[in-house]
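Summarising the annotation, Swiss-Prot assigns L-aspartate binding site to 174, 220, 443, 491. For 198-201, the entry in Swiss-Prot reads region 'Aspartate', with the evidence type sequence analysis. Here Swiss-Prot flags 220, 221, 222, 229, 484, 536, 537, 538, 539 as ATP binding site.
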C-alpha cells in the first residue's frame, strides 16, 4: 500500500483516521498479551499496538515475528494513547494495526540503534548506514540540508549564479598537498583534485558573471583532526566591483538568515571587527574565542626589571590571570599545563599564586620585591593564579592562547549556548615558514596587498627580518566560537602586481608562467576588481549542531587515517589498472 504519512509526524489531528506507515522496528515489547512496536522513520517514532486476541491472525503473526530493525509496513487506525509520552511528537497517539507486512528482516546489529550508546568510532564508520539511523545523526544530516537550503535561498535572491567548476585541475604549489589523479590518455601526467575553486572562480569574474557561488567538494591531503577531513565542502563565493566591507556585509546577511532559519536565533549585525595583531596579542590566536575573557597581558617592561634571568633574556614575557582559581590548581595540574605549553613551542611555564596579599609557589621568590607592581599591572585579587610564558612573541602568544582555551573549559568560563561571530581583519600578507626558511602567503598568492604596503613586495623573502613582514593584505576571516568559519580577500586584478606577488614568493618569471600562465594571460584582458570568500560548510553545521567533530555532520566521512572502514578505501588496485596508467609502485616500506 502507499504510505500516507511519516511515522514521526502523526499527531492527535489524525485521531480516528486510517494511516499507512513504513519504517524500522526500534523496539518491540509483549506486555500482558498486547504487543507494542515502536516504528521509526526519518521523522521520528510512532507506537503500534496489536492485540493478538482481536487482531487478524496474519497481523498477530507478523507482530510476533517482528524484531529490532525489521522493516515493516503498518496500516491501522490512529487512537488516543492511554499512557502519554510528552517527550516525543507522537506521544499522544498510537496506531491500532489492522495490517502488518514484513518488508525486510534484519540480523542483530553490531550496536543498538539509539543515541545513548557507546560505540567505537571505527565501528560507527564501518556500519555508517546503521549509525545514520540513530535519531541524533538523522537530525544532524537534516540540519545540514536545512543549512544548504537557506544558503541557496539567500544567494539566489541576491543575484548569485551557481556555476560548477572542474574537479580535474592542474596541480599548483603554495597550498596543502594535492590529491593527484593520473591521466591514462596523457601518460606520465597528472590532474589534481581542487583544494578550492580559487582560480576558476576568479576567471568567472573576468568572464562577466559578476556574482558566482557554488557549494562544492574540495580536497586536501593533510593531517587530520576533529575539524578536518580529506574531502570537505565549502560555500564558495566571488563577486566583482564590491569593496571589502560590502563583501563582509553580504556574508553577514547570509549567516544571519541561516541562523534564523536553522536555529531560530536572531544575530546582531554588524559582526565585531578585530585586527589580526589584536587577536594574536590578546587571545593568542588568529581565530579568537570571544565567549570568555582570560586575555593575554604583555608584562615585558615590568618583568625585565626583576632579577630573573628567564624573564630578562626573553623577547617578551606574557601572562594570563585565572581569577579566583589558585586553590583549584595543584602542582600536578599545573605540570599538565606546562606540558601543553611545551607542546606549543614554549620552553616552560612560570607561575605564581596570589594568596593573602603575597605571591606563593612557582617563581614567587623572584617577584617578591615587585609584588605591588605586578598586582597593579595584572589587577590581581586574592586566590588568583598567574601563568607566564617568556619566549619569542609568536611562541608566547601560541602557548598562552592554547592554555587559555584549556583553562576556559576547565573553569566553566564558556557559555556553550552562545554563537559569537567576528571578523579578523588587517592580516599580514605573508607568514614565515621555519620548514621552508622563507615567507609564504598567509592566505594565497592572489590576495590583494594594501596600496600602502605594496612597495615592500620587492624585499627578499628568505630572511625572517625581511620587509615582506610589513606587507598587509585586504584579507578577512570570519570566526565563530574559536573556529575559522571561512576566509576571503580582495584579489589582484593586474598582471604586473600578480607577477610582483609571485616574485616575492620566490617564483621566477618562467616558473610563474609554467604554473599560473593561464591566469596571468587572463589578467591582460580586462579583469575587473573582485573579491570573495569561502565558508566551511562542514564546520558551520558542526557548530550549529553543537558537535566537536565534523564527522558528526557528514554522511560518509573518513577516519583519522583518511580511510573509510566501510568501503575499505583507499585500497590496492589491479596491476592491469596500473599498467594502463603507466604507473609502477615502489616498495611501500621504503
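Backbone N, Cα and C atoms are what each Cβ position is placed from, and that goes for glycine too.
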- prompt: Judged by the number of other CB atoms within 10 angstroms, which among 443, 491 is the least packed of the binding-site residues?
  reply: 443
Message: For the region 'Aspartate' (198-201), give me same-chain residues lying six or more residues beyond its boundaries with a C-beta closer than 8 angstroms to one of its C-beta atoms, as numbers and ranges.
response: 165-166, 169, 172, 212, 214, 236, 238, 444, 446, 516, 518-519, 532
Query: Once near-sequence residues are set aside, which residues in the chain of residue 222 (ATP binding site), 6 or more away, have Cβ atoms under 8 Å from its Cβ?
result: 176, 177, 228, 230
Cβ neighbours within the same chain of residue 539 (ATP binding site) - under 8 Å, at least six residues apart: 227, 483, 484, 485, 550
- prompt: Rounded to a whole number, what is the top Cα to Cα distance in Å among the residues the record ties to ATP, namely 220, 221, 222, 229, 484, 536, 537, 538, 539?
  reply: 19
Statement: Rounded to a whole number of Å, the separation of the Cα atoms of residue 537 (ATP binding site) and residue 443 (L-aspartate binding site) comes to 19
Task: Could you work out which of the binding-site residues (220, 537) has its C-beta surrounded by the smallest number of other C-beta atoms within 10 A?
output: 220
- request: Work out, from DSSP, the number of helix, strand and coil residues along the region 'Aspartate' (198-201).
  value: 4 helix, 0 strand, 0 coil
- prompt: Is residue 491 (L-aspartate binding site) helix, strand or coil when read with DSSP?
  reply: strand
- prompt: Looking only at the region 'Aspartate' (198-201), what is the mean pLDDT?
  reply: 97
